[in-house]
Ligand SMILES: [Zn+2]
């Protein structure tokens, strides 16, 4: 294992990833409906700023501005032919930022979902999905990404297609799913299902986990689910900064930097090794998370009650894993009972 992430994981017992991409780009003037990836070419200095803000706040890993940089997503903006190019530029900018620092920084090439439903339920075939992911992976590799970073996936078929594509591209990778539907992904995967899927892959990720979803509490319940399943590889926790709320026509995340600091420490206690934020997580949040992870001691694995007390209530009574005798859930039920 000679890639930058594996090296860091050998010397550190936690790593800070980055925060939101969308939220921070909107703060720089991106309009809703615009393709953020076009900014890699149009406004590279803003993308340099986006990455630098995360690194300055203490992040060891940042994700490139290429979440929607696959041909299927870019087609919505008439830019489907630019998938490889825009992904390459996102990583080139990242490489420059990372290499300008005197500590190791991992450039993670972000790969989001295609936005299409895969066969047999939908029209996107496995072969085409692999091709779409492979094209983007090649661009990110050319640009100098250290690893690829699959995120916000709901369907196991799509996760598997990406794993295959990343093998074709010859790139190490990480991959997270979004558990946004009562503890499951939109396509019904539980945290336990994900551990089993990842363990069965021919080209497994270096690290796996959860990103986005509902709030920070739900995300940590999912991490506890990974740990309970006996996950062997490092777990990634990238939760939103609180719960999205509509305020004056804008989506606002109610999680304060102090709340995300608590979240970061609890994520580590839950068993996560790579900890970051997702939507709503700004550099201010990351700074507090970094300080908390650096200065606060590790604690016992928290209970669901302790998580809810610190970060707010869960969005659903259960997370879909286990049977009725599952201990944490039983405690929850009793308390409500
Ligand atoms: Zn998010």
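Placement of Cβ uses the backbone N, Cα and C atoms for every residue, glycine included.
Here TrEMBL has 278, 279 binding Zn(2+), and the candidate from 212, 270 in that same listed site is 212. The most densely surrounded of the binding-site residues 212, 278, 279, judged by C-beta neighbours within 10 angstroms, is 278. Neighbours of the Zn(2+) site: apart from 212, 278, 279, residues of the same chain with C-beta atoms within 8 angstroms of the site's C-beta centroid are 20, 152, 178, 211, 213, 238, 239, 240, 277, 280, 281.
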